[in-house]
């Protein structure tokens with residue numbers, strides 16, 4: 001489980017801050033998960049920020065043309081998956097790319113909130129936006145929808161690696177990886193880089209603070225950048 005001290009530190013930083021640190025550590029695009037934006041409690045507005053370990057859910061489309069996706073024995077808990085979601089986690093829901101119906105809605109929102117889940121990120125569509133907002137529950141998704149999951153959509157595995165497709169390639173999201181998300185977007189922080197990322201965040205934050213102070217004094221950005229680098233060891 002994620003160190004509570006690390007979580008408390010991460011919550012101080014924006015998704016942009018974390019992405020900058022990950023870029024410095026060699027993570028492509030700073031871990032950015034394009035297309036996953038905040039819909040609740042407000043649409044890309046306000047001070048909501050979530051940071052925590054990922055707990056994954058994968059939907060697949062069953063049927064003859066998709067049978068290959070379900071040849072493997074399903075890895076799901078008994079009962080509804082949301083009842084197994086751990087407190088303090090962020091649920092990441094993976095949906096087939098062509099899905100027009102919602103893979104997250106009001107009932108799972110209410111249960112997740114009750115269980116102490118931090119928020120949900122949906123690689124797909126969500127619905128019942130008014131209910132999520134009423135509960136002040138953070139949901140990030142590609143888009144909204146009105147229909148529940150169609151009968152050919154089934155949960156295939158829970159708390160197992162899932163694939164995120166961003167149009168430029170595929171990335172594996174592992175349970176226990178860390179999500180940081182706010183009005184700017186969603187960032188995936190690999191679990192093995194958590195400590196190094198926090199160390200880098202502290203350094204970048206110090207440099208940024210010096211730059212801002214110098215800019216407030218009317219110094220040019222060129223000078224502020226040069227001076228900040230020398231002032232922060």
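Positions of Cβ are set from backbone N, Cα and C atoms, glycine also.
Whatever TrEMBL says is automated annotation, not expert-curated.
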Listed in TrEMBL for the substrate site shared with 105, 106, 107, 108, one of 127, 133, 142: 127
Substrate site shell beyond 105, 106, 107, 108, 127, criterion: Cβ within 8 Å of Cβ centroid: 102, 104, 109, 110, 126, 128, 131, 148
Most Cβ neighbours inside 10 Å, all chains, among the binding-site residues 107, 108: 108
Maximum Cα-Cα separation in Å among residues 105, 106, 107, 108, 127, which the record lists as binding substrate: 11
Residue with minimal Cβ packing [other Cβ atoms within 10 Å] among the binding-site residues 105, 106: 106
Cβ contacts of residue 128 (Mg(2+) binding site) (under 8 Å, same chain, 6 or more positions away): 102, 105, 106, 109
